[in-house]
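Peer 1: First the structure, which I've put down as structure tokens, then a few questions once you've had a look.
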């Protein structure tokens, strides 16, 4: 064997005789290939043949330099060698060696590495002759083994096994090599594989070798496998497709790596088939090993693999044995196994779907959603979210994001376009149309969105002319009056013009020229070009052409009649002149005649007229006759068209008529165009002031808001309802976040109550304002509820109030409105439920007391249940014992009984005054009430006297408390720091619960608080001044103010009026 680290360059000069001079028969080479090998060795070698197909033999790259060397050295050889060399090169297959320094295991030749030697002289060639026999033998073996033995490539996995096989082959061939060397015709030198290291093999030409063509050689024998049944390709099991996960990426065949197909035509077909089977089995096992080990083992066992070690004998294939075993099993077990397999597959599919959902969930989606959920008005956060989902492949996440965003900002027409384009990319046309319809309903004045939608319609329904035209008509009806709708009109005209439907184009221009738009001049110029460049019969309607034609002939007839009458007048005047001239001529003629007579008489000339006279008379006659003929011809021509021309026959139009019809058609539109120009001029300044006609969350400038208000006032003053509504819609797109413009539109629509369809318009405006753009404005919701209640839609009104109550809780005005709506519709049980709900849910004692008072009145006056009203007030008083208003309301309800219960009223007063924390002023107040009540309704004088004593004691204590408060340093500092007098506790507490709790309980109906916001300083019942809190001096004669109490400064005197003063609360 050759030493390691050397390269081998072996030449296989075709299949030839093994002797050096005489050609052996082709059959002599057959035993040296495979017939001497055992069946076991054949099986192993067949496996190696399959591996040999994967080796890349770079024949072309190595063949060129050696061919060049042979060609350069050929002139130095003898002629017999030149002829032999050229014949050999046609059959030689060059086996390239690996690069220098490659290990023996990576060599491409099975007999080890041999150094590459070059011969430069003829002596080297002579030395080569002595080694011709051995070279021929080795080259033949190399050529044979190229088809029967695997070549060792750089990527083989079992190099050691292959090396041992190759060494075994060489050792088995040593006897033959010795016999060949001992023969007479062989060379004297021993040629073995080791000696080739010193030999020159660059020009390995063998002189005595007979060249045999490949057709004369026997076919390569196929490796035989003992006890193997021959089967066709159809009988072999097909490679089963691996079960890939659902999220596996689909790639095309172009993206797959190129396969190395270096197999020659002489390679056997059977190893290829087995290799394909083995590769399919290996790929299936590799892909399914992680998730389906059990199923993979079953599938791989069914494939036939001759090289795999099995415990079964070679008498039968494993697949056949398995079939026999399966046939022996009962059919029921087979069915059960199949069912179990199906169930397992279903479970695996379900698990894979769940895993796929979890896996497909976008990683950063929650981060973007968190930003907009925390602040739904964060427009920038919404844009980031939509940009993120638009770039991902999760359709459900994208739909959810777009739907939520557009529910908050439906006037962003650009995102409707993006949403529709996203659905179009997904290939779902139905969803794309739904998105377009939703967008056009939300923002019908978006010209760009309409154009985008119409392009989509034309691309999908281009053949349906009727449908496309209906969509264009729908578009111009929705936003055709918009001042900047020129692009839409131009697109409509262009579409009709492409199909050469010029009469429809003229009809569109008739509508467009009457609308003030930004490109009004261009539209009229285009219309003129259309009329002048095409025949009037295809541009104008037949009725219009016939009418204009009749007008033309009528004008011509009137012109002819006028010209004939003028001609008559001219002819009459000219006839008079002619008569005078004729008279003069006659006189001249008479004179001439006399002279002629005299001459004839004198001369004796002939008788008759001269030629001049005859000519003159003929000229006069001819003049008269021509005048008559012209008059008759003109009158005939004028009467002929009216009598004989068929105006409906447009084929008889002449050039003069066509010119007249065009001029008249254009002039008629020019009048409309002039009116449009004036309308555009009046609106141009307002249109120039609109700097942002689209929607955005950023606030508008004051100049922009003022311009919109002035523009709306201008259109309202003009009185065109359709144009006013279009302008309002344009304004609301740019000013959607300003509720004043919504209110302005509602007030305008309320002025149109007598007109039809106004109710639906008002309801739609309320819906958009309250549900979309201003969902947290109570004022708009209260107005909407009142509108629906006026339309007798109590259910809708209650729903509106319930929604705003949930969004803006703890608003007393909303609570009262909800209760009263239910009361007006007669749902008294619902009223009780709402009263109890609000009383129990409120945390403010003052608000709870106010609600309890109203609830008691409701029970007394509406439900006629006074005892239930007293019970409600009693519960409220127990919750807030210091609430003066609740106690006074209880006294009032007791007084409204048919028979006043003295004991009941006195108990209420005594219980309230018996509190330990009662203020002196409040105690004085209730003592006064008790005295007044007993004076009017008391049954005994003793009770009245006791009440008077209690009042005097209360006044004394109140006076002492007043002096202490006035004499305290803090009191002096506070009084000196303030400009005006400080009201006492009695004044501040008059009918106001004596504290700040009630001050928070109020709500304000005034216009100063447009959203009925509940402020801490807004009192439910505004605190009264001392003059308002004091009673009138009805009982001044009682003298309760004496003793200096009434003389106190600051208006803190107790001038008590009649007890019924708290009736002012009703």
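Note: Cβ is positioned from N, Cα and C throughout, glycine not excepted.
Checked Swiss-Prot, it gives:
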{"type": "COMPBIAS", "residues": "48-64", "note": "compositional bias 'Acidic residues'"}
{"type": "COMPBIAS", "residues": "171-190", "note": "compositional bias 'Polar residues'"}
{"type": "COMPBIAS", "residues": "200-211", "note": "compositional bias 'Polar residues'"}
{"type": "COMPBIAS", "residues": "226-236", "note": "compositional bias 'Acidic residues'"}
{"type": "COMPBIAS", "residues": "245-256", "note": "compositional bias 'Acidic residues'"}
{"type": "COMPBIAS", "residues": "274-301", "note": "compositional bias 'Basic and acidic residues'"}
{"type": "COMPBIAS", "residues": "303-317", "note": "compositional bias 'Polar residues'"}
{"type": "COMPBIAS", "residues": "318-358", "note": "compositional bias 'Basic and acidic residues'"}
{"type": "REPEAT", "residues": "393-425", "note": "repeat 'HAT 1'"}
{"type": "REPEAT", "residues": "427-459", "note": "repeat 'HAT 2'"}
{"type": "REPEAT", "residues": "463-498", "note": "repeat 'HAT 3'"}
{"type": "COMPBIAS", "residues": "575-602", "note": "compositional bias 'Basic and acidic residues'"}
{"type": "REPEAT", "residues": "685-717", "note": "repeat 'HAT 4'"}
{"type": "REPEAT", "residues": "719-751", "note": "repeat 'HAT 5'"}
{"type": "REPEAT", "residues": "757-793", "note": "repeat 'HAT 6'"}
{"type": "COMPBIAS", "residues": "957-966", "note": "compositional bias 'Basic and acidic residues'"}
{"type": "COMPBIAS", "residues": "967-978", "note": "compositional bias 'Low complexity'"}
{"type": "REPEAT", "residues": "1029-1066", "note": "repeat 'HAT 7'"}
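Surface or core, plus neighbours and distances: that's what I need for these features.
Peer 2: On the 0 to 100 pLDDT scale, the model's mean across the repeat 'HAT 1' (393-425) is 92.
Applying DSSP to the repeat 'HAT 2' (427-459) sorts its residues as follows: 27 helix, 0 strand, 6 coil.
Same-chain residues lying 6 or more positions outside the repeat 'HAT 3' (463-498) and placing a CB less than 8 Å from one of its CB atoms are 440, 444-448, 450-451, 453-454, 457, 504-505, 508-509, 511-512, 515-519, 522-523, 526, 683, 687, 693, 722-723, 726, 730.
Using DSSP to sort the residues of the repeat 'HAT 6' (757-793) gives these counts of helix, strand and coil: 29 helix, 0 strand, 8 coil.
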Peer 1: Checking distant contacts: for the repeat 'HAT 2' (427-459), what same-chain residues at least six beyond its ends satisfy Cβ-Cβ under 8 A?
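Peer 2: That would be 406, 410-411, 413, 416-417, 419-420, 467-468, 471-472, 475, 478-479, 482, 484-485, 487-488, 491, 495, 726, 729-730, 733.
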Peer 1: What residues in the same chain, six or more past the boundaries of the repeat 'HAT 5' (719-751), come closer than 8 Å to it by Cβ-Cβ distance?
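Peer 2: Beyond its ends, the repeat 'HAT 5' (719-751) has Cβ neighbours at 411, 443-445, 479, 481-483, 690, 692-695, 697, 699-700, 704-705, 708-709, 711-712, 758, 761-762, 765-766, 768-769, 773-774, 777, 779-780, 783.
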Peer 1: Cβ under 8 Å to the repeat 'HAT 4' (685-717), counting only same-chain residues 6 or more beyond its ends: which ones?
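Peer 2: Here the qualifying positions are 377, 379, 409, 411-413, 483-484, 518, 723-724, 727-728, 730-731, 733-738, 741, 744, 748.
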Peer 1: As a quick check of your reading of DSSP, tell me how many residues in the repeat 'HAT 3' (463-498) are helical, how many are strand and how many are coil.
Peer 2: 28 helix, 0 strand, 8 coil
Peer 1: Please work out the helix, strand and coil residue numbers for the compositional bias 'Basic and acidic residues' (957-966) from the DSSP assignment.
Peer 2: 10 helix, 0 strand, 0 coil
